[in-house]
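Okay, so here's the structure we're looking at.
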Amino acid sequence: MTPLEFDANHLWHPYTNVAKPGPMHLITEAEGVWLTRDDGTRMIDAMSSWWCTIHGHRNSVITEAVKQQIDQMPHVMFGGLTHNPAIELGKKMIDLLPDGLDRIFYCDSGSVSVEVAMKMAVQYQIAQGHTGKVEFATISGGYHGDTWKAMSVCDPVNGMHGLFRGALSIQHFLPRPHVRLNDEWPQDSQVNGLAALEQLLAEKGDQIAALILEPIVQGAGGMYFYHPAWLKGAKALCEAHNVLLIFDEIATGFGRTGSLFAMDLAEVTPDIVCLGKALTGGHISFAATVTSKAVAHGIGESEAGVFMHGPTYMANPLACAAGIASLSLLEDGQWQGRVAQIQTQMQTELEPARGLPGVADVRVLGAIGVIEMHDWVDPSVAHQLAPETGVWLRPFARNIYCMPPFVISPDELSRVTSAMVSLAGLRS
Ligand SMILES: *Cc1c(COP(=O)(O)O)cnc(C)c1O
């Protein structure tokens with residue numbers, strides 16, 4: 001059996017049917033923006049391996065930090081014990097986050113950080129005597145992960161979890177904020193869409209623990225960018241109804257939108273924020289849920305007196321070391337110029353796609369470039385073309401998109417945009 005045959009017969013891949021395994025590339029090496037197949041073919045990782053490898057693959061600052069840490073202390077339990085990697089990473093995160101977000105819970109993955117955030121919100125509300133506030137509000141078109149509670153706030157129709165509808169907690173879905181990122185913001189709440197939230201909170205506010213959403217950019221729910229003023233209005237309404245505001249910045253955090261966090265762009269500080277993906281620069285799975293002193297201490301006033309969560313590998317020192325190194329690479333601020341350059345280049349080079357038949361929209365924000373088609377895009381076409389074009393793309397739903405590493409060169413980025421435009425052209 002060849003390695004690829006073993007893989008096809010025995011290994012599950014994300015969102016696949018094991019009985020009908022799709023085509024597969026066998027990757028043996030990754031460095032910078034490049035992935036190398038077993039036959040030596042190279043392709044640019046235009047996906048940043050699901051939006052994580054912002055400094056490129058096998059970044060030596062990160063790999064050295066992890067090597068040193070593994071030689072000293074790969075892991076210890078976090079119950080009753082602590083260590084410098086967790087402390088150092090915490091300091092760096094607090095420096096980067098808006099004032100007030102400074103109580104950190106380390107998690108293993110993004111989905112877990114969403115579970116933790118939702119659990120914090122419910123425990124907080126109950127501790128405050130609001131025992132009926134155990135449900136959640138969210139906006140349509142969102143994606144928050146694959147675990148049960150996170151699934152319950154993913155888009156109920158187009159999300160990846162519609163199938164489980166009957167088995168999920170029923171949550172309150174608002175229409176997706178329809179005013180686009182760069183459009184003018186109408187003040188009238190009937191026109192700007194905030195009236196729906198106003199009405200929901202007036203009617204059901206006493207049942208709702210928190211409003212959870214991805215600020216400004218909805219990622220896996222459709223690569224949709226909406227107006228930050230919606231978030232300002234939402235924050236005020238949530239405060240008025242004692243509803244916590246949770247931002248899922250797992251996709252948008254650490255520079256992807258051109259701001260360090262999307263909440264910086266919106267100038268709104270939530271009560272709880274979820275971070276993940278690029279936290280370790282894509283070198284190892286890790287995430288965090290960060291909240292305020294007020295919420296953290298409020299949870300402490302609950303009957304249990306403690307927050308009821310504690311993963312086995314919580315604050316794994318190897319992951320913390322990778323996180324410290326990745327954040328230190330952001331400290332000189334050079335990423336900002338790079339992301340701005342990527343944005344400008346993508347705006348120019350993706351624009352020609354707008355004229356192609358079958359293309360519905362072209363949009364760019366920071367290091368996110370999207371060609372939205374009218375129809376579903378078959379990802380296997382991009383998969384098959386990748387070795388030839390030298391660009392690894394994985395379209396989903398109607399979107400041909402890229403989220404390149406910030407270290408991509410202009411020439412490499414041109415290869416990515418031209419592969420995207422030709423893929424869009426194939427559809428016509
Ligand atoms: C990827 C993602 C998640 C889930 O993170 P995992 O690490 O895959 O569990 C949650 N929310 C958003 C916005 C994401 O992009």
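Yeah, the Cβs are placed from backbone N, Cα and C, and that goes for glycine too.
Among D155, D248, D264, D361, the residue that TrEMBL places alongside G110, S111, P311, T312 at the pyridoxal 5'-phosphate binding site is D248. The binding-site residues close to Y143 (substrate binding site), defined as a CA atom within 10 A of its CA, are D248 out of G110, D248, P311, T312. For the pair formed by G310 (substrate binding site) and S111 (pyridoxal 5'-phosphate binding site), distance between Cα atoms is given as 15 Å, rounded to the nearest Å. Neighbour counts of Cβ atoms within 10 Å were taken for the binding-site residues W50, Y143; the minimum is at W50. The pyridoxal 5'-phosphate site in the record is lined by G110, S111, D248, P311, T312, and its two most distant CA atoms lie 23 Å apart. Other Cβ atoms within 10 Å of the Cβ of D248 (pyridoxal 5'-phosphate binding site) number 31 in total over all chains. When Cβ atoms from all protein chains are considered, those within 10 Å of G310 (substrate binding site) total 11, not counting its own. Counting every protein chain shown, 15 other Cβ atoms lie within 10 Å of the Cβ of R394 (substrate binding site).
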